[in-house]
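Visitor: Dumping the structure here so I can ask a few things about it.
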Amino acid sequence: MARAMHTVWIALVPTLFVFLQGINVKAATFDITNQCPYTVWAAASPGGGRQLAKGQTWTIQVPAGTTGGRVWARTGCSFDRSGRGTCQTGDCNGMLSCQGYGQVPATLAEYALNQYMNLDFYDISLVDGFNVPISMTPTSTNPNCKGRITCLSDINSKCPSELKVNGGCKSACARYNTAQYCCTGASANNCGPTNYSKFFKGQCPQAYSYAKDDATSTFTCPSGTNYKVVFCG
């Protein structure tokens, strides 16, 4: 029995260690600011959504351990008093307060908090296309933190005609939905850049231009860092 209990204890140590680490990590604060010369409807998953006129800021708290988090701007929206409506880009099921991810195209600020080696991972992604310029800035002064990343190019004005939609620029994956462009199926483990992804990378070198663009597009900060996301700035 003693040996059995010892075996169980050893098996639980890694889980307990991760749990105890998580206790000391607070929720991250995200300040989301609109510096565009037009109104946007900010969206966050988790977090919901809110209308932001130029200069306004929306602050949300995101629990430690959150994965698959993202922030984006919606444009061309109209909502009724109940919070139902539509957006030209970034729409999330017709809801002002988003309960999930939005529709393409949308420029994304993505993150995963308190992950491997007690790090946050963050990036800007054009895998879902582009609608609004964006920057993401950790507030930490830790030298191990990458710092501000941006995608401030006016991609909409330069978008290839076959990817252009009202208010945005689709990615090739969103436009064609093929294994080659989406890095799925036969291309899942052997997926390189295409002329389309090279276009996006040329406009925003720090951003994901396609699904496997990890090497130059993923950044880290120590867990417990807060972040600022700014549209058009």
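Keep in mind that glycine also has a Cβ here, set from the backbone N, Cα and C atoms.
So Swiss-Prot has the following annotated:
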type: SIGNAL; residues: 1-22; note: signal peptide
type: DISULFID; residues: CYS36-CYS232; note: disulfide bond
type: DISULFID; residues: CYS77-CYS87; note: disulfide bond
type: DISULFID; residues: CYS92-CYS98; note: disulfide bond
type: DISULFID; residues: CYS145-CYS221; note: disulfide bond
type: DISULFID; residues: CYS151-CYS204; note: disulfide bond
type: DISULFID; residues: CYS159-CYS169; note: disulfide bond
type: DISULFID; residues: CYS173-CYS182; note: disulfide bond
type: DISULFID; residues: CYS183-CYS191; note: disulfide bond
type: CARBOHYD; residues: ASN195; note: N-linked glycosylation site
Visitor: Taking each of the disulfide-bonded residues CYS36, CYS98, CYS204 in turn and counting other Cβ atoms within 10 Å of its Cβ, which one has the fewest?
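Guide: CYS36, out of the disulfide-bonded residues CYS36, CYS98, CYS204, has the fewest neighbouring Cβ atoms within 10 Å.
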Visitor: I'd like to confirm something. Which of the recorded positions, CYS92, CYS98, CYS183, ASN195, CYS232, has a Cα closest to the Cα of CYS151 (disulfide bond)?
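Guide: Result: the closest of the recorded positions to CYS151 (disulfide bond) is CYS232.
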Visitor: Three-state secondary structure of ASN195 (N-linked glycosylation site) from DSSP?
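Guide: For ASN195 (N-linked glycosylation site) - judged by DSSP and reduced to three states - the answer is helix.
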Visitor: Can you tell me whether DSSP puts CYS221 (disulfide bond) in helix, strand or coil?
Guide: strand
Visitor: Taking the Cα of CYS173 (disulfide bond) as the centre, which of the recorded positions listed as CYS36, CYS92, CYS159, CYS183, ASN195 lie within 10 Å of it?
Guide: CYS183
Visitor: Which residues of the same chain, at least 6 positions away in sequence, have a Cβ lying under 8 Å from the Cβ of CYS182 (disulfide bond)?
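Guide: Result: CYS173, ALA211.
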Visitor: In the three-state scheme derived from DSSP, which category covers CYS159 (disulfide bond)?
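Guide: It is coil.
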Visitor: So for CYS221 (disulfide bond), how many other CB atoms are inside 10 Å of its CB?
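Guide: Excluding its own Cβ, the number within 10 Å is 23.
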Visitor: For the C-alpha pair, I'd like the distance in angstrom between CYS92 (disulfide bond) and CYS232 (disulfide bond), rounded off.
Guide: 21
Visitor: On a simple 10 Å Cβ count over all chains shown, which one of the disulfide-bonded residues CYS87, CYS145, CYS159, CYS173 is most densely packed?
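Guide: When each Cβ's neighbours within 10 Å are tallied, CYS87 tops the list.
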Visitor: Which secondary structure state does DSSP assign to CYS169 (disulfide bond), in the simple three-class scheme?
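Guide: For CYS169 (disulfide bond) - judged by DSSP and reduced to three states - the answer is strand.
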Visitor: Quick one: of the recorded positions CYS77, CYS98, CYS145, ASN195, which has its CA closest to the CA of CYS232 (disulfide bond)?
Guide: CYS77
